[in-house]
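Visitor: Please see the structure below; I have some questions.
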Amino acid sequence: MSLAGAEGEVRAAGAPGAREPRTRRPGLRVVTRPALALAALALAALCALLAELVYGPVHIPLADILAALRGEADRATEAILLQIRAPRAALGVAVGAGLALAGTALQGVLRNPLADPQLIGVSAGASVGAVAVIVFGGGLVAALPAGLGLWALPAAAFLGAAAVTAFVFGFSRRAGETSVATLILAGVAANAIAMAGVGAMVFSADDQQLRELTFWTMGGLGAAGPVPVAVAGGAALIAGAGLMRMGRALDLLQLGERAAFHAGLDVERAKFAAAGWSALAVGAVTAFAGPIGFIGLCAPHLARLMVGPGHRAVLPAAALAGVALTLAADLVVRTAVPPAEPPIGIATSLIGGPFFLWLLMSRLRRSHA
């Protein structure tokens, strides 16, 4: 009997008109869709990076950028590109990736799609530390050796973020467990207290400090340089590596803490690890770029729309989306009203505010459906 005849007998033995189910490669869609989405986000981030280098008050064609990398461009082009735009773009990469990864981790831990680094006071704590150094730490920084003085601002921002994070988690921990509802409420209270402290320090600042604080508190990439890029980039890289390893833990937490515990996850350890890595990333980038809002909220949602809910794909996708959004926002503020340079926080707020309202409306529609 031929193979075709045998196949016909097998079909005939089943239900009338039954057909052999079409064989598909297992997991093909699951693997391909995130891969394509990650490629698209990587392309978007690369385009934003190139646009950040090309456009500005002085237009630099792509050919001149390649010539500058080879050391063949004129001095003016080389100075603009290598001393201003390239460090600024590199800081934007660190800021966007750090805030997006922190927002993704906190949304996963809190199981709240509206969470971001500002919700539990991480950004506010970093602001307290940085503002304290700007207003009161001039003498201390001057007394430190030159190498250590450069680290005073990021160290203070990280310590502030870590202190507020530890307070919020410690306050919400009862009987060895952390209540998510209490954590969010404690974060709101800590955020209010921290911002009150920032306001008091701003009130006591002199004119020069006040001008510096005004631009710093609205966020921007104007402080880009070798040290900010190295510190913020290094912190974002370390924190990102730590958070990338938490994809499975964040996925299990979406099932609920009890289910995650029975699946073998140390729930409290996972929460503290996610919060610690987030504090490191947010503290370092906030020290140099200020509290830039909504990147940590928008980027994770954009990533989930493109790659699905699995955090092993969401984390790298969110990092790429955060880079693209941050660089695009910086490009807008640099080219909108030249030669003036509005703070990047204005652009991110104009984008993030309506996006936040859209999220709220979506949740309301689902709750009433």
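The chain as shown is numbered from 1 upward.
Every residue, even glycine, has its Cβ placed from backbone N, Cα and C.
Nobody curates TrEMBL annotations by hand; they come from automatic prediction.
Pulled the feature table from TrEMBL, pasting it below:
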{"type": "COMPBIAS", "residues": "1-18", "note": "compositional bias 'Low complexity'"}
{"type": "REGION", "residues": "1-26", "note": "region 'Disordered'"}
{"type": "TRANSMEM", "residues": "35-55", "note": "transmembrane segment"}
{"type": "TRANSMEM", "residues": "89-110", "note": "transmembrane segment"}
{"type": "TRANSMEM", "residues": "122-144", "note": "transmembrane segment"}
{"type": "TRANSMEM", "residues": "150-171", "note": "transmembrane segment"}
{"type": "TRANSMEM", "residues": "183-203", "note": "transmembrane segment"}
{"type": "TRANSMEM", "residues": "223-244", "note": "transmembrane segment"}
{"type": "TRANSMEM", "residues": "313-332", "note": "transmembrane segment"}
{"type": "TRANSMEM", "residues": "344-361", "note": "transmembrane segment"}
Visitor: Does the chain bring the transmembrane segment (223-244) near the transmembrane segment (344-361), so that three or more CB pairs sit under 8 Å (pairs 6 or more apart in sequence)?
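Guide: Judged by the Cβ rule, the two regions do not touch, with the required three close pairs absent.
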Visitor: Among 89-110, 150-171, 183-203, 313-332, which stretch has the most Cβ pairs under 8 Å to the transmembrane segment (344-361)?
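Guide: Result: 313-332.
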Visitor: Answer with yes or no whether the transmembrane segment (150-171) touches the transmembrane segment (183-203) by the criterion of at least three Cβ pairs under 8 A, sequence separation 6 or more.
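Guide: Counting Cβ pairs under 8 Å, at least 3, so yes.
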